[in-house]
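Annotated in TrEMBL:
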type	residues	note
TRANSMEM	14-36	transmembrane segment
TRANSMEM	48-72	transmembrane segment
TRANSMEM	78-96	transmembrane segment
TRANSMEM	152-173	transmembrane segment
TRANSMEM	185-208	transmembrane segment
Amino acid sequence: MLAEVGPPVEVHQYVLLIGVWAVAVVAPGPDTVVVLRQSIVGSRTSGLAAAAGIVVGIALWIVLAMAGVAALVSAHPALLPILQVLGGGFLVILGVSGLRAKPSRTAAAAHGRSFWIGLATNLANPKALVFFAAVFATLVPVTASLGERTAVFAILVTGEWLWFSMLAVFASSHGGWLSRKERPLNTAASLVIAALGGASILAGAATLSGVR
């Protein structure tokens, strides 16, 4: 017996998906700060490597959301805030390590570890899983074909790469005078990353206290 085929994803649903995703992508957050820092303190290559890591992280969240992992998280209310606290802890560590690094070592790290920094920074935000699950539940029918789901995946990942790669190119191209202020810029970026991590820890801890 053939599986029932539901209605296809309509054009307006793709348009809404792109619009919602565009707003989410350009909103400033840890990913944006990391790409800017790696591009200015390191180089264009470092910024693009960080962007690539972020895109891989997003791709993983999308696959998990499509696979229904968000339902597992919903069934265990304490899981998401625990992941949020752990992710926030990573961001705090990343920020503090940036504050403690010497300028020359910071640049070397930017060249050598940018991809992994970008990937880990993105994966430190488990709320992405909930976001994608909500978006898919609203705009992508459960009966969507494999081809349609692949198209959605390609649209989101491509949009993510375009934005962060352009950000890396722009920052590295127009950040010449900023690169001469490497130390204060790295300090500011590291403080922002640590602050975002601290906020994530507090939010996760508050949610955990409510769950209990």
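Even glycines carry a Cβ here, placed using N, Cα and C.
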Might you confirm whether the transmembrane segment (152-173) is in contact with the transmembrane segment (48-72), defined here as three or more C-beta pairs under 8 A between residues 6 or more apart in sequence? yes
Other same-chain positions with a Cβ less than 8 Å from the transmembrane segment (152-173) and lying at least 6 residues past its termini are 9, 14, 17-18, 21-22, 25-26, 31-32, 35-36, 38-40, 43-44, 47-48, 50-52, 54-55, 58-59, 62-63, 66, 136, 140, 144
